[in-house]
Amino acid sequence: MTQINLPFEVGQTVELRSFISGYRGAWFRCKILKISQKRRALFYDVEYLDYPGESIHTTKVFQQLEGGSEKHLMIRPVYPRQCHENEVLNKEGGGLEEAAVVHDDWKVGDLVDWWEAYCYWSGTVLEVKENGSVQIELLAPPHGEGSIYDAMSKDLRPSLEWSLEDGWTVPFSKDGEKRQCAKLMKHLNEDQVSEAESMEEEEQSGAEPREKEKQRPTEKLKKDGALRLNIMESESVEAAVLDLEELIVRFEWMKGILAPDSSEKSSWIYEPYRPSSSRI
């Protein structure tokens, strides 16, 4: 994959991870200083924002775990703004479009990032204590270091996943239930707010939403009335097969009507029907 496919650029603040032993499973805040390509591999020169004395680091954007074949993206955008459900979201919000809203208190099984040694370590909550602390287990090797630590609840944030296809998503907690410790909230721009208000007005007035104005192809066929098809009544595979067979019969019938007498020469050539090799 090339830089063209990635949303990152020079000067942007991002989060970076590493597969080097001792740092596995941690996310570091960095600033991209340079983008380069060597032997078809993509590299970023980054500055560690929370380690002022650290030298400029060159990292390979896509890396493989030791002994693995899958390539992992080592860079992701800066983490969304974090807040609790009882907090009011400021529209400006530091210029970020998304916010991670935490559900009340942490629970056993929650996937979290722990702020320690100026970076965030990903792990799972094992125990919630009464003094505002929790016990967490870091990601198991080779994705993490796999150790167990005591941490303060205030130093935790929800673990989020990011991909080029889906952006930020909240994984399910590891407690046997389909539960998430946070939810993502997006701020709407003026156009989106106007569209949402317009749709709400349409629903209140009893008008059909704009999406329903676009008729499905079969509904248009019903109104035309020129050709009756089984698929007009049922949009099933069986109905489509029946329509195809009926059309073949009609074609053969028309072929017989249009076929010239054997005594006459014609430049017309009738090809025998050959069913498609693709499955319906």
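The backbone N, Cα and C atoms fix where each Cβ goes, and this holds for glycine too.
Curation plays no part in TrEMBL annotations; they are all automatic predictions.
Taken from TrEMBL, the feature compositional bias 'Acidic residues' applies to 192-205.
Feature annotation from TrEMBL assigns compositional bias 'Basic and acidic residues' to 208-221.
Shown for the domain 'Agenet' (6-67): DSSP residue counts in helix, strand and coil, namely 0 helix, 33 strand, 29 coil. Per TrEMBL, domain 'Agenet' is recorded for 6-67 (among others).
The feature domain 'Agenet' is assigned by TrEMBL to 104-164 (among others). Mean pLDDT of the predicted structure over the domain 'Agenet' (104-164): 94.
According to TrEMBL, the feature region 'Disordered' maps to 190-221.
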Exercise for the section: For the domain 'Agenet' (104-164), give the DSSP counts of helix residues, strand residues and coil residues. Expected result: 3 helix, 33 strand, 25 coil
